[in-house]
Amino acid sequence: MVLSPADKSNVKAAWGKVGGHAGDYGAEALERMFLSFPTTKTYFPHFDLSHGSAQVKGHGKKVADALTNAVAHVDDMPNALSALSDLHAHKLRVDPVNFKLLSHCLLVTLAAHHPADFTPAVHASLDKFLASVSTVLTSKYR
């Protein structure tokens, strides 16, 4: 999915407002995903999935760091996320549908924390951005 200049601007501005809360938001989105889509828990059998778990917080930070990297390299996400794509496709073998589920939970989390900033245009831009990230992460499944 091609991001327009306006989309890129919206994504960078929205992610900039996340600031130091990125890891917390990542963990919150994971918790939402585990509660809303229980089948996603199967990829984390070794995790304590309870609220506030250090493992969920740690993985939430990894998710947030990957998204921060994608925002910083929005014009070259395939190269920026190549190692992560390899990991999810070849080692972890995560079903691609799970990226869509996590993307949805991230959008809900961002909207809950920044309702005034979560305009329809920003929502659409973030949705396109997360779809692009998902496409990159699943590109090596083929």
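Just so you know, glycine gets a Cβ as well, placed from its N, Cα and C.
Under a cutoff of 8 A between CB atoms, and with a sequence separation of 6+ in the same chain, the neighbours of H59 (O2 binding site) are G26, A27, L30, F44, F47. Per Swiss-Prot, O2 binding site is recorded for H59.
Within the same chain, the residues at least 6 positions away from H88 (heme b binding site) whose Cβ sits under 8 Å from its Cβ are V94, L137, T138, listed in sequence order. Residues or ranges marked as heme b binding site in Swiss-Prot: H88.
Here Swiss-Prot flags 2-142 as domain 'Globin', drawing on sequence analysis. The average pLDDT for the domain 'Globin' (2-142) in the predicted structure is 94.
In the three-state DSSP scheme, S4 (phosphoserine) is classed as coil. In sequence order, no residues are near S4 (phosphoserine), counting only same-chain partners six or more apart with C-beta under 8 A. Positions annotated as phosphoserine by Swiss-Prot: S4 (among others).
Per Swiss-Prot, the feature N6-succinyllysine maps to K8 (among others); the stated evidence is similarity to another entry. Using a 10 Å Cβ-Cβ cutoff, K8 (N6-succinyllysine) registers 16 neighbours.
The feature N6-acetyllysine is assigned by Swiss-Prot to K17. Using a 10 Å radius centred on the Cβ of K17 (N6-acetyllysine) and all shown protein chains, the other Cβ atoms total 13.
According to Swiss-Prot, the N6-succinyllysine annotation covers K17 (among others), on the basis of similarity to another entry.
Under 8 Å, Cβ to Cβ, and six or more positions away along its own chain, Y25 (phosphotyrosine) finds V18, G60, A64, L106, T109, L110, H113. The phosphotyrosine annotation in Swiss-Prot covers Y25 and is backed by similarity to another entry.
The N6-succinyllysine annotation in Swiss-Prot covers K41 (among others) and is backed by similarity to another entry. A helical conformation is recorded for K41 (N6-succinyllysine) in the three-state DSSP classification. Around K41 (N6-succinyllysine), the C-beta neighbours below 8 angstroms that are at least 6 residues distant in the chain are F34, L49.
For S50 (phosphoserine), the number of other Cβ atoms no farther than 10 Å from its own Cβ, over all displayed protein chains, is 10. What Swiss-Prot lists as phosphoserine is S50 (among others), and the listing cites similarity to another entry.
Same-chain residues at least 6 positions away in sequence with a Cβ under 8 Å from that of S103 (phosphoserine) are, in sequence order, D127, L130, A131, V133, S134. Annotation comment: Swiss-Prot describes S103 (among others) as phosphoserine, evidence class similarity to another entry.
According to Swiss-Prot, the feature phosphothreonine maps to T109 (among others), an assignment based on similarity to another entry. Note on T109 (phosphothreonine): other Cβ atoms within 10 Å of its Cβ, all shown chains, come to 23.
Marked as phosphoserine by Swiss-Prot: S132 (among others).
Under the heading phosphothreonine, Swiss-Prot lists T138 (among others), citing similarity to another entry as support.
Under DSSP, S139 (phosphoserine) is assigned to a helix (H, G or I) in the three-state scheme. The Cβ of S139 (phosphoserine) has 15 other Cβ atoms within 10 Å, all protein chains considered. Residues or ranges marked as phosphoserine by Swiss-Prot on the basis of similarity to another entry: S139 (among others).
When the modified residues K8, K17, S50, S132 are compared by Cα distance to S139 (phosphoserine), the shortest distance belongs to S132. For the pair S50 (phosphoserine) and K8 (N6-succinyllysine), the C-alpha distance works out to 35 angstrom. Straight-line distance linking the Cα atoms of S132 (phosphoserine) and K8 (N6-succinyllysine), rounded to a whole number, equals 12 Å.
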